[in-house]
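Asker: If you look up TrEMBL, you'll see Asp99 marked as active site. According to TrEMBL, the feature active site, proton acceptor maps to Glu165. The Mn(2+) 2 binding site annotation in TrEMBL covers His97, Asp131, Asp194. Taken from TrEMBL, the feature Mn(2+) 1 binding site covers Asp131, Glu166, His444. Positions annotated as substrate binding site by TrEMBL: Asp194, His227, Thr329, Arg342, Ser416, His444. TrEMBL lists 215-366 with the feature domain 'Peptidase M20 dimerisation'. Look at TrEMBL and you will find His227 tagged as site 'Important for catalytic activity'.
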Amino acid sequence: MPHLPPFFSKVDELQGKFIERLSEAVAIPSISSEDARRPDVVKMGEWLAEQIRALGGEVELRQLGKQPGHEHLDLPPVLLGRYGSDPKKKTVLVYGHYDVQPAQTSDGWATDPFKLSIDDKDRMFGRGSTDDKGPVLGWLNAIEAHQKAGVDIPVNLLMCFEGMEENGSEGLDELIEAEAKSFFKDADVVCISDNYWLGTEKPCLTYGVRGCNYYSVEISGPGQDLHSGVYGGVTHEPMTDLVRIMNSLVDPDGKILIQGIDDLVAPLTDEEAALYPPIAFTMDDLHQSLGNQVSIYNDKNDALKHKMRYPSLSLHGIEGAFYTPGAKTVIPAKVIGKFSIRTVPNMEIDDVTKLVQKHVEQEFAKLKSKNNMKFNIVHVGKWWVEDPNHPNYTGAAKAVERVFGVKPDMTREGGSIPVTLTFQAQLQKNVLLLPMGSSTDAAHSINEKLDKKNYIEGTKLLGAYLHYVAGELS
């Protein structure tokens, strides 16, 4: 790959400009979940479109109409971009998102979340820096560095950047389905950079993610909230019933207590088990990410397996319960408990839901309560697994070795990235997750950051990937 050294040198030369580009992007508070920030989300999409046009790309901001359930809001547009249309070249489709999670200084940020701040360790703090503005801009940086180095990009690029990923990606699945045989028809492979290294030193390639089935249990009885001093002891209390049910779902060591769930999980093969020991990940990495030494498992391999390829059940909250400071002696008339199961192969959505509903109904029946119980499906998303031996992955692995000098870890992601499954199903093409950020970036949390090294070397990686995947696909 003789073309890569000039490209790498140009990335180093332009890093100041690339950091300024990220600074401009972070300054736009594109929070998709807040009504008042919807204009900023649209502004971010338009800013990104102008950046691509300035590089010579073709861009359409596809309107998706009104947001379901919030008809006073227009959905942010999906950016559909194209760079290059040479029929002799392979075509790579890249996906990312330009919206971000909410953030305000009062949450505990050490700096203004919408002003990129760089500390003495070259950590770049700002909302969206790693999730997902930095990685999205990495593709634009790679294009610019190729241009200014006089190096031809060996593939055609299609771009799909959305503005609702942090708020359910509403409208995206329908767009991908509608454009599968149109805008996306030329794509040979798909590359997504919207996840993270397992640790802080070694890159990884991700070939699978867990799914997510989210449920709620509603318990109601009294006609209104009651005073515990007047009615305590004479009525079945919804909160008591709900806590008993939620306590029956999972034990303190994370074992799911729903009968039949474990039988749905695909057994661990010897081939897969062999992938875990070489992974550059330590228990210290896990403790740093957790912010304390509260891990269930003390062995790295066990921890990784339960992070990546085994299911988990988490309790998320109780709606309707008293939660503010102070002491309020109230018996809530209705409470809603929320929990989710992270699913893995071969846990099909309907099979899991049937087992969960049966369990909840049986546990409620045991209480012999006169309250009413409703089991609800909030949302569901299937797990995704890809073939890590496909040229898309072997090309990416060679790019990692070229840029970082090490073979990448092969990992599966614990969280859910639904768009991976949508692209795989609709386009019938191999999908790769190629992360830029590291495990300590605190995406979705306070003080989100992206290390300067990950941003600059990550830009080199994205560019190198295009060269190596072109070679592997040819």
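Numbering starts at 1 and runs along the chain as displayed.
Glycine is treated like the rest: Cβ placed from N, Cα and C.
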Asker: Once the chains shown are all counted, how many other Cβ atoms turn up within 10 Å of the Cβ of His97 (Mn(2+) 2 binding site)?
Answerer: 30
Asker: Cα within 10 Å of Glu166 (Mn(2+) 1 binding site) is the criterion; apply it to the recorded positions His97, Asp99, Arg342 and give the hits in sequence order.
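Answerer: Those near Glu166 (Mn(2+) 1 binding site) - Cα within 10 Å - are His97, Asp99, in sequence order.
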Asker: Using Cα-Cα distances with a 10 Å cut-off, which of the recorded positions His97, Asp99, Thr329, His444 are near Glu165 (active site, proton acceptor)?
Answerer: His97, Asp99
Asker: Taking only the Cα atoms, work out how far Arg342 (substrate binding site) lies from His444 (Mn(2+) 1 binding site), in Å, as a whole number.
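Answerer: That comes out at 18 Å between the alpha carbons.
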Asker: Would you count the other C-beta atoms found within 10 angstroms of the C-beta of Thr329 (substrate binding site) for me?
Answerer: 11
Asker: Among the recorded positions Asp99, His227, Thr329, Ser416, report those whose Cα falls within 10 Å of that of Asp131 (Mn(2+) 2 binding site); none is a fine answer.
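Answerer: Cα within 10 Å of Asp131 (Mn(2+) 2 binding site): Asp99.
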Asker: Using a 10 Å radius around each Cβ and all protein chains in view, which of these recorded positions has the most neighbours: Asp99, Glu166, Asp194?
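Answerer: In terms of Cβ crowding, the pick is Asp99.
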Asker: Give me the Cα-Cα distance between Asp194 (Mn(2+) 2 binding site) and Ser416 (substrate binding site), rounded to a whole Å.
Answerer: 11
Asker: Return the residues near His227 (substrate binding site) by Cβ distance under 8 Å, restricted to its own chain and a separation of at least 6 in sequence.
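Answerer: Non-local contacts for His227 (substrate binding site): Thr329, Val330, Ile331.
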Asker: If you measure from the Cα of His444 (Mn(2+) 1 binding site), which of the recorded positions His97, Asp99, Ser416 is the nearest?
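Answerer: Closest by Cα distance to His444 (Mn(2+) 1 binding site) among the recorded positions His97, Asp99, Ser416: Asp99.
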Asker: Looking at the recorded positions Asp131, Glu165, which sits with the largest number of other Cβ atoms within 10 Å of its Cβ?
Answerer: Asp131
Asker: Which number gives the other C-beta atoms within 10 angstroms of the C-beta of Arg342 (substrate binding site), all protein chains shown included?
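Answerer: There are 21 of them.
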Asker: Work out how many Å separate the residue listed as 'active site' and Ser416 (substrate binding site) at their Cα atoms, rounded off.
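Answerer: It is 17 Å, counting Cα to Cα.
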Asker: Could you pull the average pLDDT for the domain 'Peptidase M20 dimerisation' (215-366)?
Answerer: 95
